[in-house]
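> Just dropping this structure here.
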Amino acid sequence: MKIIMLGAPGAGKGTQAKKIAAKYQIPHISTGDIFRANIKNGTELGMKAKSYMDAGGLVPDEITIGMLLDRIHEEDCKNGYVLDGFPRTIPQAESLTKALGDMGEAIDYAVNVDVPDENIINRMSGRRACLSCGATYHIVYNPPKMEGICDVCGQHLVLRDDDKPETVKKRLDVYHDQTQPLIEYYKKAGVLAEVDGTLDMEEVFQAIVRILGA
Ligand code: AP5
Ligand code: ZN
């Protein structure tokens, strides 16, 4: 099963994508996580991506598309995957459609996690991330067992550089401008499914499972 997660920054795409990956035994591919891992390791790709990310903008399509297409051609993707944070622009979506079409394949579901802007700032300011293993928490809605420490790997949790309120505002603008049109794109393709992302995490997940099938 090939799934795309759509939704504003902080809508809960990553949270739900991890649960989907675990239940359906498919890899979770987050372009944001790939970029953050590259930044942490000081790679050339990471150095290119960092300035765009810190400013709340998008990493250019020339960098992002090739990276993602390479990833989905890896061996562990042959039974499907859940994409989180890609596509984010119409050219990215068109490249993906074409690459899959060339192999006689297509996306099965584009799940839009719908959360109004008012809720987003609150979610992002309370998010704490583990830059070692990619786990995410929320100080109120999903706190770690020990304050400031990752349950999974024991590393210290941080507020992401791009989760500061002024950067979040910019990311929301970019989302409305460049990413929201993908909802219409996947509606036309007949694969769009909408879920109410303001519900609690487990309720959102149950709504997604009803769409994808048990
Ligand atoms: P990326 O990492 O993809 O960030 P994003 O899309 O802005 O999404 P987030 O990770 O911020 O949020 P999310 O929707 O996954 O929410 P989460 O589950 O964590 O990208 C970062 C940057 O990389 C981009 O700005 C861009 O520069 C670059 N980039 C990445 N992909 C790119 C691409 N394709 N093209 C170009 N550039 C790209 O949840 C948020 C918080 O809310 C958490 O604390 C969580 O615990 C909490 N929460 C989640 N669900 C609920 C719920 N139901 N109720 C209460 N709290 C909840
Ligand atoms: Zn961790």
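Using N, Cα and C of the backbone, Cβ positions are placed for all residues, glycine too.
TrEMBL lists these features:
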- Gly10, Ala11, Gly12, Lys13, Gly14, Thr15, Arg127, Thr136, Tyr137, Leu199: ATP binding site (BINDING)
- Thr31, Arg36, Gly57, Leu58, Val59, Gly85, Phe86, Pro87, Arg88, Gln92, Arg160, Arg171: AMP binding site (BINDING)
- Cys130, Cys133, Cys150, Cys153: Zn(2+) binding site (BINDING)
- 30-59: region 'NMP' (REGION)
- 126-163: region 'LID' (REGION)
> I'd like the per-state residue tally for the region 'LID' (126-163) from DSSP, helix first, then strand, then coil.
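Secondary-structure breakdown of the region 'LID' (126-163): 4 helix, 10 strand, 24 coil.
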> Hey, what's the Cβ neighbour count for Gly10 (ATP binding site) at 10 Å?
27
> Find the average pLDDT over the region 'NMP' (30-59) in the predicted model and report it.
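Mean per-residue confidence for the region 'NMP' (30-59): 95 out of 100.
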> For Arg160 (AMP binding site), which of the listed binding-site residues (Arg127, Cys130, Tyr137) have their CA atom within 10 A of its CA?
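Cα within 10 Å of Arg160 (AMP binding site): Arg127, Cys130.
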> Where among the binding-site residues Arg127, Arg160 do you find the Cβ with the fewest other Cβ atoms within 10 Å?
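Output over binding-site residues Arg127, Arg160: least Cβ neighbours within 10 Å is Arg160.
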> In Å, rounded, how far does the Cα of Gly10 (ATP binding site) sit from the Cα of Thr31 (AMP binding site)?
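Cα-Cα, rounded: 14 Å.
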> According to DSSP, does Gly57 (AMP binding site) sit in a helix, a strand, or coil?
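Gly57 (AMP binding site) sits in coil per DSSP, no helix or strand.
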> Report the binding-site residues (Phe86, Arg88, Cys150) that meet this criterion: Cβ distance to the nearest atom of ligand 1 under 6 Å. Use sequence order and write none if nothing qualifies.
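Result: Phe86, Arg88.
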> Would you count the other CB atoms within 10 A of the CB of Gly57 (AMP binding site), including those on all shown protein chains?
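Taking all protein chains shown, Gly57 (AMP binding site) has 16 Cβ neighbours within 10 Å.
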> Count the other Cβ atoms sitting within 10 Å of the Cβ of Thr31 (AMP binding site), across every protein chain shown.
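There are 23 of them.
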